[in-house]
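A.B. asks: Let me begin by handing over the structure; questions about it come next.
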Amino acid sequence: MGQDHTEQASAASMDTNNPPAASTGGDDSSARGGKRKWQNHRLQHGSRGGRGDKRARNEREQAKRRKLEDEGKETESVLPKAFSQEEIAAEDRRPKRKVVVLMGYSGSGYKGMQINTTERTIEGDLFTAFVKAGAISKANADDPKKSALVRCARTDKGVHAAGNVISLKLIVEDEDIVQKINSHLSPQIRVWGIERTTGSFSAYQACDSRWYEYLLPTYCLVPPHPNSFLGKKLVELADEVGDREGYEDRQKEAAGFWDEVDRTQIKPALAELDPRIRELVEKALYETETDPEAPNEQANGAVAENAADLSKPVRVTEPKEAASASITGEEKSEEAAIIIQAPPAVADPTADEIQPVADSAEVIDQSRNIRVEDIPAETEKQDSSKLSLEDKRALDTAIKQIKQIYLDAKKAYRAPRARLDRLQDALNKYVGTRNYHNYTVSKKFTDPSAKRHIKSFKMAEDPIVINDTEWISLKVHGQSFMMHQIRKMVGMAALVVRCGCPTERIVETFGNVSLGVPKAPGLGLLLERPVFDSYNEKAASKFEKEPIEFTKFEKEMEEFKQREIYERIFREEERDHQFNAFFSHIDGYKEHFFLYLTSKGIKAAMEPKEKGMGKAMEYGSDSDGEAGDG
């Protein structure tokens, strides 16, 4: 398959694909106009095998968008100002060497990894620190291109990474250069180490594979509420195809959860309400097909459609049609898309600043601001507009109270081993080379680049409990990932388990059928580390260079992950309940697109919508969204 992984990642020297390699002694092939063996991209470890590299084209498109967005704005560059000729002349000239910088960062408050002269980014702060520490000369301080910077994985705004790698030319004569660089960085960014490499090394080209981690609250495995649209359809369609016994067997470890909550917590809370208010609340909870945890039907649709990237109807593509279909849209990588936190208006991050996820912000706001107007009008025998202001306030308070009870019950859930085993069984379906056209955007079944190889997808042996919520760690190791791929893989696996769906349904999604697979919240996803085995085994030993690996920094990395990444994720979920909002909206979405999770299978997702299932969506083009839209 090669290393067709991050076509959205950085091009060498920022805007070009092939940075000039530092000359090395004993090889005069460059002077003869030829290439050294390592410069031949066909021979480089992790090379693309001669296939076209779209990174430069993608970055040009991004640059055009930024230019349009910034048109008319006069923003001062956040990078170091150019030094005067006198300052440059007075500086001692020291040799620069091709190196890799191993680092980790928490992306809160940053506009991504990639350098942007007008906004604060991880690379921007790194470059400034390099200059201040003397690792980049004053003559080269005004332009990062002069240092031939190449990143292994371009992460987007707010993303975290325990380990990432860039390659560039630095002055590394000082033994304490790493300490000097870190002294000029915020605690959110740490340089773990710097290693010399071969002169033509490219962090992008030499990377063999990547490890990602996803942290998932186990309450995401709780079945949909039986009063929600999806909860009712699961039972209804199981009866229709004669699979009620099989469905109940797949849900047996979670059977009775909602009945127990309703009996022991919801009904006592309702009994304490004024009879007039109780009637309206009960109708909102029990006489509609809206999930009692989701704000309203309109919000369900907007969030569900965005999560599943629904830009076209679900349909099976005929072989002839698929063969003749043109492949449109530029591939975008997972590295270019994992949005964990939307940055604030002011770019300067603080130690305890945590921003809500961009694609969940609206959900969170809606979930917090429940109003009497959110109750579907058809459920009200009493006109709420005739209620007194005091009664309206009482109704708002009651609805919020009921929703909080449901949320607290979910947080108290502890997944039994059988439930976790089913999740691992679902994750196992991804291992190997599969066609992930349903797990990204703008990919056809016939597109060769939709095939990706997953080496492993493992769940941690035991969950952990943080802030009264149980979490499970999922780690995926793959050669390459497309935009949204990991989040959609996690979303699909969780939905299959919570909906009592056979795990073989995941295998069906790799076939010639187009489905809307929701992407799980970006909050739980982080880049753990890239892998450079081929370079380490061959080139590094041949040229007597240190291997590129993070093992020697494991202690510092674990402490950093706990403090700057994990704690932020846990605190943000405790504050915003993004996972609860996400799955509640999916459960309450009154369309047929997610009914492939029922016993009826993919056929149910392709049938015309039933009467009363909500207004049909207006479908847009198949073109991809802006890079980094989560």
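Placement of Cβ uses the backbone N, Cα and C atoms for every residue, glycine included.
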A.B. asks: Checking feature assignment: region 'Disordered' per TrEMBL, candidates 173-199, 227-253, 308-334. Which range matches?
C.D. replies: 308-334
A.B. asks: In TrEMBL, which of 371-390, 611-630 is tagged region 'Disordered'?
C.D. replies: 611-630
A.B. asks: Can you tell me how the residues of the domain 'Pseudouridine synthase I TruA alpha/beta' (426-533) break down into helix, strand and coil by DSSP?
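C.D. replies: Residue counts in helix, strand and coil order: 32 helix, 36 strand, 40 coil.
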A.B. asks: What Cα-Cα separation, expressed in whole Å, is found between TYR212 (substrate binding site) and ASP156 (active site, nucleophile)?
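C.D. replies: Pair distance, Cα basis, whole Å: 15 Å.
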A.B. asks: According to DSSP, which of helix, strand or coil covers TYR212 (substrate binding site)?
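C.D. replies: TYR212 (substrate binding site) sits in a strand per DSSP.
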A.B. asks: If I take every residue in the domain 'Pseudouridine synthase I TruA alpha/beta' (426-533) and average their pLDDT values, what number comes out?
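C.D. replies: Mean pLDDT across the domain 'Pseudouridine synthase I TruA alpha/beta' (426-533) comes out at 95.
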